[in-house]
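A.B. asks: Right, I'll just put the structure down here and ask away after.
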């Protein structure tokens, strides 16, 4: 049931449309057994709260309604009205945790599946699709994101903006305007989603009992659309120069809160109070507007800032849809009732919507500058193609032909200028092929060369980007100058021919480029369709099961950061997926075979999941290797085109192409009110009813889906950054070219400055020499002193000029180094772009891997689905058996209570049953003690094994050290033997040498004594060495101190472990004796137990079974409560994981945003550098020549004007002296003579060029000031009655001459600025005329006074 938007010409009455959306019960609510208190009837547009509270709305959306259906029903008509020029607003209202942010689509856009995207992404995708489909529509889209936190504004797109800088004002039409909010121009869906994520990361959120990430502020996401070039259907066509401006507000209100329920304290309490006060003000406005009895009374818009923002949306100039979000839980009955009451009142509000036409002149200068920089690319292409018609060149021969030729030249220049700007943008575009890029680059180089040639050849008005009006004025002036005009016409004709040739080349290059764009767009569209088809196939083949442990495989990205406000897929089976199979009521008294089968299913599922993970990882590695090899063979990955930039990677266009009446592709989670009871039955209902086997997505499939979404988001973000980097590279290339051109000019300028500096230095040296000569002589008179003073002034001026030239040279050298800096930055940016492209390629490979893994998962899930069906049949059979057993037990209980056998159980029998129950409990305790003793014995044995293993390790280490000590001892013994043998040998040698000393000659004795000393020294060293070795052997220090200490510690540790092992052995021996004794006793007790049980009657046996059945039920209930607490803890863990993931994503997005802001600043810097380089180039080279010619022409015109005014002054003086007796004939003669003299004066001016003479300047300054005062007084004096305008005899004859004079000369009474007069004084005196001035007629004076 959609909202029908009325579209009538002019203003129309548009009631506020109200849609009601009911979210499903949350897992936590299901866990605690909350019931639904709402009954929805979407076909009738009715909803019932409780039993008898009925409400009707335009649209009612149930729990199973998906996001696509919400968009089609609520926002699609508003988007159509938005494009027709109406303002539109959609705002979500409701309590906290009711799904407002999820419905609006502001929460975690990147981590949500495509079918779960909210209103804002879908509306923006549809808007850009409509813009792209209409080529003739010239649109400009701005977005802003504002937050209202504690009644203070905060710009989420420019967080640094102070709150006081954002003001709420009203324009002259009464519309509410926000001043100081940053508006960002966007060209595609990716940019909008990126800005939305950036603002969402900066938004105020906090944790309450209802929501871990609850919105603590109101947000307003505004989209402004400016349209030109067409008129909406059924609306009057506007006048020329108007544009269509419409705004779309997406308002996400913070939820109303009950402080006792949310548990807010401290800062959260203050936020809750502020939120409730603003919502109360909004409720008062809705009540005042919706109450028919209060029509015309005061509306309290100014009670809150949010009501002032929504002033146009509620009762003003807008079409508004209110989406009321409610919770079906019975615990939120009062909040749901309040929301329904407010929504019901809002249906009575009537708005007056009008089409917003605005004159172009009212646009702000910033928008004009943005439009001048260039419209979106596809619209520029359309305009250039439509203007590319060939217009025949007119022939030369008359003024009309000259004017037509000038107009044609202006059009060609405009065309070429547009082509130049378009090709510059096209060159910066990443998807341009190599051949087309070379053609575009050659064409741009040729245009820049022609521009410089024309600038140097024909003055400042010959550039390609000159204004058409200036060209026409220059052409019109040149057409009136005879031979010079003919030459100008020939030049313009050649320029027109050349420009047309360039235009044809440009159109050919443009067609090639557009063809390449079309081919690339088709290929990418096919890839997107394949991705969508695979995704749909995956969604259709995604079964699940109710096995335990599924939460452990869920990735953090599979949850949104706002867990309690979104209708999660499978939310009602969340608790069943988390609970173990033992918690299900159907298994409480099931047979042992059923438990075994459940374990088998779990083991089989886990084994298949492990097998699938290993297979997918192996296949992914193989595919990654193959794709890397293929990537090396490729030259360059395909670049993104304009279509992708505007429509994003995700398949928004296919989804947005659904008609409003078509059913949505995907429904939300189907939940019936009876499902909570089936999911978590009460203890009283145990054993009754049927437990449905719910389905969930497999962990591997959800992980794959999450990775796929993350890869797509990463690709989109990287694509935006790559495009911005490429644009910056283009700016750097243009800056480099401009810097090179400026370098050439500066090199020439440096040479000229050096020559001028040399000349100035020579003059300075000469002046200093003359100054020294004059100072060396004694001044004789005043002339020499004045000459000396003049020389000093000239020397000071020359020195200052030399200093200025040095500074100019330094500045020029700094500019020369700008090119090298640009080259370095360009190389760095190219490396960054290559790195981003590699990352993009890796993400694309991951996309293909995930797609392949999805295909394999489909096959696996089909097998699992078949297995689940088999288990369902088996489960149903077991449930039937269980139901029969339960009915038998219930019948027995009834029979026992009612005494159907005719006899009442006596007190003695009851006591006997109690005794038997106690006896059984004692026997059970004995068995449990035996089992605990066995477990303790096993634990002791395990501990002993650990101690033994530790002792073994220590013993091995000790053995190693002892072996090392043994080896050291053996080495020392060997050293002692070797030293002893050497000492014996030395003793023998000493004795021999002593004998030779006694028997030898005197010469040999000296040599022998030296040898004896050497042998004694060696003997002493060996003795010392033997003493050291003996001391080591006696002390036993065969190891290092660290090793000795380690050996000592090992001995102590081994001794402690031996003691521990001895203690454990004793304890184990004792426990074994006790267990053997208790085992024999237990076997005897079991025999006694069986014997006693065999003696029990059937009634006693059933009574015992009932007692123990009640005990089992009690234990099961306790286990159920523990499981609920455990599930709540698991939910909290999941929420914390989501929060961590969301913060990580926000951090990564902030990094990307910082990189984008840096790129934008660098781009702006490069544009400013280009502007400075252009200005510098204009002031050098051709710019100086052009300026010199302009100044010379201006000086010449001023000299002529000054001469005319001086002649008029003399004439008026003679007229005053003669009086008013002159006749008409004398007036005619004087007038003709005046015209002749003026022509002679012009010729005289041409013969005598201006030359600066210092002696003329002072006299001319006084004369001109006096002439101006006298002529101004005389010209503005009243005329006599006899001087009539009709008395002019030559009025008709001189009309043509007057027109010529008016077009070429300023009026007589015009007072020149002082700068212009100063120019004429500096360039020389007025030539004296060679004729005597004569009187002029009164008619001539009248014409001079009133030239028009």
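Including glycine, each Cβ sits where the backbone N, Cα and C put it.
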A.B. asks: For the candidates 466, 597, 903, I need the one that Swiss-Prot annotates as phosphoserine.
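C.D. replies: When Swiss-Prot is consulted, phosphoserine appears for 903.
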A.B. asks: Quick check on the annotations: Swiss-Prot lists region 'Disordered' for one of 451-486, 1243-1278. Which range is it?
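C.D. replies: That would be 451-486, the stretch labelled region 'Disordered' in Swiss-Prot.
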A.B. asks: Among the residue ranges 316-342, 1288-1314, I'd like the one that Swiss-Prot describes as region 'Disordered'.
C.D. replies: 1288-1314
A.B. asks: What does DSSP say about residue 101 (ATP binding site): helix, strand or coil?
C.D. replies: helix
A.B. asks: By the count of other Cβ atoms within 10 Å, pick out the sparsest of the binding-site residues 94, 97, 99.
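C.D. replies: Relative to the other binding-site residues in 94, 97, 99, 99 has the fewest Cβ atoms within 10 Å.
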A.B. asks: Would you count the other C-beta atoms found within 10 angstroms of the C-beta of residue 101 (ATP binding site) for me?
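C.D. replies: Neighbour count, Cβ to Cβ under the 10 Å cut-off: 31.
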A.B. asks: Near residue 95 (ATP binding site), how many other Cβ atoms are within 10 Å of its Cβ?
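C.D. replies: Around residue 95 (ATP binding site), other Cβ atoms within 10 Å: 22.
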A.B. asks: Minimum Cβ neighbour count within 10 Å among the binding-site residues 96, 98: which residue?
C.D. replies: 96
A.B. asks: When you measure from the Cβ of residue 100 (ATP binding site), how many other Cβ atoms are you left with inside 10 Å?
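C.D. replies: Other Cβ atoms within 10 Å of residue 100 (ATP binding site): 29.
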A.B. asks: Taking DSSP as the reference, which of helix, strand or coil describes residue 94 (ATP binding site)?
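C.D. replies: Residue 94 (ATP binding site) sits in a strand per DSSP.
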